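Here is what TrEMBL records for this protein:
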type	residues	note
TRANSMEM	A:29-46	transmembrane segment
TRANSMEM	A:53-70	transmembrane segment
TRANSMEM	A:76-97	transmembrane segment
TRANSMEM	A:109-131	transmembrane segment
TRANSMEM	A:151-170	transmembrane segment
Amino acid sequence: MERQITLIALFAALIAVLGLVPKFTLASGIPITAQGMGIMLCGTVLGARRGALAVLLFLGLVALGLPLLAGGRGGLGVFAGPTVGFLIGWPIAAFVTGWITGQMRNTPVFLAALIASIIGGILVPYIPGILGMTAMLDMSLTQATVSMAPFIPGDLIKAGLAAALTASLYKARPASVLSRA
Amino acid sequence: MLTLTSDIRTPYHRLRAGVKLAALCVATVALFWLDSVPGMAAGLTAVAALYLVPGWRFLREGIALLKPVWFFVALVVVWHAVMGQTMAGLIIALRLIAAVALANLVTMTTRFDDLTDVVMWLLTPLRKLGANTAPLGFAIVLVVRFIPVLMDKAHKLIDAWRARSARRVGWQIALPITLIAIDDAEHVAEALRARGGLTPPQDP
């Protein structure tokens, strides 16, 4: 139990630290950050349940007022803003990513983590994210979906990095990759 | 540790955190009921008035915190104007500003520890049911401590890279950073277990 809690806390901290990696902003405004990669890693390394808990812990600290979201955002205000759907999607994303990684035990780690990150870490958070934007900004579904397209290349790079990192971690510290343990 | 709490002392600091959170919930619901431009304008004026009670400097600080919202406000107004629904766009934009500003007001005037206490209080029913909620409080403290430690170790590794290589620091640095972090976490877990762990002592 102590080990699970420290690892969950560690990955919550890792999401926060990845948010400090310098961002590059695309024309559509929401910055591209490494934070999304942290969400994927929570799933691929910690597994479904613990990964989701790590993301929830991170979001809880953001809600309590720590400026941990990329760009130094935080506080209760972000949960009243138009990107709230993505925040809701993150714990689900970590859960699905972890679940898929766990299901593909017989696939090489890199491939399993890559597929899990693309489905769980990219597709899943966009569903509540887009629904949130249509609800908060009164846009049409297609409009909101189209406006997300420029983010996909960056997301694919993040999924590739998350998968590579998970595979190397599995080689160096197999016992710490709980999704496979 | 950096927080979003304002340095300016306000009357709101003295209110109980739970009261402020409850008021925030009620006010946000009310904002969705006011479904007209005059109604929303009145709502936003009320929020601005709340910010003005402590003074102009506090209001300016609040406006600075709204920075991430302006892009979406512009997007909504332009989009609805193009679609010929300028009024609807204005209502949504005003509501967005008011709702985010209200939530920020609670964040700016409430200490992190007080909010944590509210969370632990909200978990009381779970505790009554026999769940052990102490690990959550402990996990919060751990994250707050891990973040600066992780950043420090990351900086040291990046310095080590720069001292030895002419190439720019690449993404490969992420692996050793994560490895060090995981090893640290395992050590912390071991130390915790050695000191009795997080499970409450069982009656024999």
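A Cβ is built for glycine as well, from the same backbone N, Cα and C atoms used for every other residue.
Note that TrEMBL annotation is computational and uncurated.
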Please report, as numbers and ranges, the same-chain residues at least 6 past the borders of the transmembrane segment (A:76-97) whose CB is under 8 Å from any CB of it. 30, 39-40, 42-44, 46, 48-49, 51-52, 54-56, 59, 62-63, 65, 69, 116-117, 119-121, 124-133, 135-137
Surrounding residues of the transmembrane segment (A:151-170) on its own chain - C-beta under 8 Å, 6+ positions past either end: 26, 28, 30, 32, 34, 36-37, 40-41, 44-45, 101, 108-111, 113-114, 117-118, 121-122, 176-177, 180
